[in-house]
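The feature compositional bias 'Polar residues' is assigned by TrEMBL to 40-57. According to TrEMBL, the domain 'CBS' annotation covers 666-729, 763-821. What TrEMBL lists as region 'Disordered' is 20-57. Among the features that TrEMBL reports, transmembrane segment is placed at 139-159, 220-241, 274-291, 297-313, 325-349, 399-426, 438-455, 507-528, 534-553.
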Amino acid sequence: MERFPLKATKMAATYQSVYKKGTSQGNGHGDPSGEDDMVNINTGSQRAADTPTTPTSHGTFQLYEHGTRYSDASATWDAVMFSGLPGEADDIPGIGQYEDFHTIDWQRDIARDRMRHRYIVKKRQDSIWDLIKGAHDAWSGWVCVLLVGICTGVVAGVIDIGASWMTDLKFGICPQAFWFNREQCCWSNDEITFDRENCSEWLTWPQVFGESRDGPGAYIISYLFYIVWALTFAALSASLVRMFAPYACGSGIPEIKTILSGFIIRGYLGKWTLIIKSVGLILSVSSGLSLGKEGPMVHIACCLGNILSYLFPKYGRNEAKKREILSAAAAAGVSVAFGAPIGGVLFSLEEVSYYFPLKTLWRSFFCALIAAFILRSINPFGNEHLVLFYVEYNKPWKFFELIPFVGLGIIGGCIATIFIKANIYWCRYRKYSKLGQYPVMEVLVITLVTAIIAYPNPYTRMNTSQLIYLLFNQCGISNTPLCDYKRNFTDLNTIENAVAGDGVYRAMWLLTLALILKLVMTVFTFGIKVPCGLFIPSLALGAIPGRIVGIGVEQLANKYPKSWLFSGECSSDDDCITPGLYAMVGAAAVLGGVTRMTVSLVVIMFELTGGVRYIVPLMAAAMASKWVGDALGKQGIYDAHIALNGYPFLDSKDEFQHTSLAADVMQPKRNETLSVITQDSMTVDDVETLLKETEHNGYPVVVSKESQYLVGFVLRRDLNLAIANARRTIEGITGQSVVIFAVGGGPTLASPTGPPPLPLARILDLAPITVTDQTPMETVVDMFRKLGLRQTLVTHNGRLLGVITKKDVLRHVKQMDNEDPNSVLFN
């Protein structure tokens, strides 16, 4: 008798071949048909003389009066057949997938892959072709993430180039080559300053119409063109999203987190979403709205990962394995968004991924590396640096600066909390009011208001990435208002720590207005029906107060260099304060408060800027920001949007602190009727009636109505598909055919005169996860989180009492937290 472990992560369950009338014992082989890893009983080569041997033409097993046998049109099944291998897919078409808005069963899918892998390893010895197939299977994961990395890098390069050109199109055009942006047009000009107004190669719109570059008329023309182009880009983006891909709006990270936790949202990672998200992202960023392209890049990369995974059945047909590719794709998305491959891997691990085994860490690193390399080869920024905001600070930070750095963390946590609460309030209002019925009109109104208010202020008129770069930068010999210091040009070392001039104070007022405007507009912008990210606006919201604080500390150090506060460290050092560093720390503080990231945020920031020596200030600000954010509001922006949309997401970071039991949560409650299927006493009509009268996603199978001892669990979808397939392919199946879930069969199961029975043991999960009715809910919640369960069965002394689904757990958690349990939309 051969024992075969069905699921390494579930209860140990072994099964054997059963033969009547003294038949020879065969070998038990697992047959995970579709999704369920069920065992088929294989008779082997020796059969009983009294067992009929007429083969069927459908590859299904038949029950006879004297025993059970399986037959196939081509050969006896002498090996385990797995979903995704040749020959099995035609058995019961459709089994192996999940319905839309349903949760996957991680344990079953992972067990399917393990058994499929064991089968391939066993077959390697049979032939050279099987050896090649085994090698292909082993390398398919690496090949898949390689393709994802290449495609992500290419798409990111196209988006960066397109967004840069269209953003500059609002201000003017390059007559020599209209497809050049302002920087490319002015490459041959040596007179470029920050605002690039001295570049004669670039024509502003007033110059195109024969006006001078400056003056009231030129200002009005520029103002009008700025508004018209912004409205045009925003209208195109919103219209494309509404007509072709409604899922392409927003940042996508809340949905990506939910999908990676095991939820199915059909079409969210499809080809139309990829195309419209990419094009719409270029348009929405170019419109001047207060949004970024970094969050949507994660969504775009995951779309590429989903599409490319179908080239490899190992991943395309297994939802749990597919999520390993999606985790690597998320890392590649952050890698190309910021030029931060290590930060991308940590972002995927810390923020979005639910299941992250060690091999996924390696593949994510490889995928992020390839994506960054491809983007560097394309060189969309036109400089030698991959990073977005390269800084060249050459002075170490001083110990006393930890005080303002922590202060910036506190400020960042407060700004982030204000933003999250205001944005969630507005999104909830949009969702439940008539405003949500007019998404394109809302986009146009917000774009119009943003353009009208933003243009007069030079710091809101410019691209947000340019603003952040300006705030991060050190002052050199430049005439920008932010660097208007009263300094001695013969001594370049006194540039930073000189007395601030009128231009600096005017810039600080304009930056304060820019902070208020960007905070208000980002609240209304994040969540509208265009692709919009949150990373760049959050960095800007932090960099502005950071630069202002930096200038303030700089002037204090300049005025009181020997004060106890500065510990005498600034008395001998002319430029001991770097305002740009404060902008960088402030940016990290607000982004950390908004997203609640810590480790990945610090790594992204020093990769983003190249400022490796400033890890400690970044860590201090990030932790202070997170503590303040957690004290003022328990959720980051992505978790808040997950809760707002009602997605079934069990956050592993939350603790369940209530004292309820499994019996308090299970459905149905005690003394209520439980919908079950018996193993060998219900007809096809009985089962179909049960399916019509109930809406459960699965049904426990018990010995009988009177003796409700658990046999297994069958999914609603698998049951429907199996019955439909049997009616189509097996001759004689009627509504009066008995449905048999018993493994083995016996002499009394089928009458020679009645319709043939319908054997469905192969779609039955014989090893479902079970708990007793006295199990604490804290343990049950941990099981759902760490094992990725879809449901668990509740028993008492071996008898079935009820079922707990993921939806039941989520509703119970919300009920215990005094929230609306009906906000959980799907199971």
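Just so you know, glycine gets a Cβ as well, placed from its N, Cα and C.
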For the transmembrane segment (325-349), what are the same-chain contacts with Cβ under 8 Å, counting residues 6+ beyond its ends? 141, 144-145, 148-149, 152-153, 156-157, 256, 259-260, 269, 293-295, 297-302, 304-306, 308-309, 315, 355-356, 360-361, 363-372, 375-376, 385-388, 535, 597, 599-601, 603-605, 607-608
Of the stretches 220-241, 438-455, 507-528, 534-553, which racks up the most C-beta pairs under 8 Å with the transmembrane segment (274-291)? 220-241
Leading stretch by Cβ pairs under 8 Å, where the reference is the transmembrane segment (507-528) and the options are 139-159, 220-241, 297-313, 399-426, 534-553: 534-553
Contact check, the transmembrane segment (220-241) vs the transmembrane segment (438-455), 3+ Cβ pairs under 8 Å, seq sep 6+: yes
Stretch contact, the transmembrane segment (534-553) with the transmembrane segment (399-426), Cβ-Cβ under 8 Å, 3+ pairs: yes
Report, as numbers and ranges, which residues of the same chain sit near the transmembrane segment (399-426): CB under 8 Å and 6 or more residues beyond its ends. 519, 522-524, 526-527, 538, 541-542, 545-546, 549-550, 553, 565-567, 569, 577, 582, 585-586, 588-594, 616-617, 620-629, 631-633, 635-637, 640-641, 644
The predicted model's mean pLDDT over the domain 'CBS' (763-821) is 87
As a quick check of your reading of DSSP, tell me how many residues in the domain 'CBS' (666-729) are helical, how many are strand and how many are coil. 24 helix, 17 strand, 23 coil
Just to be sure I understand, if DSSP states are collapsed into helix, strand and coil, how many residues of the domain 'CBS' (763-821) fall in each? 24 helix, 18 strand, 17 coil
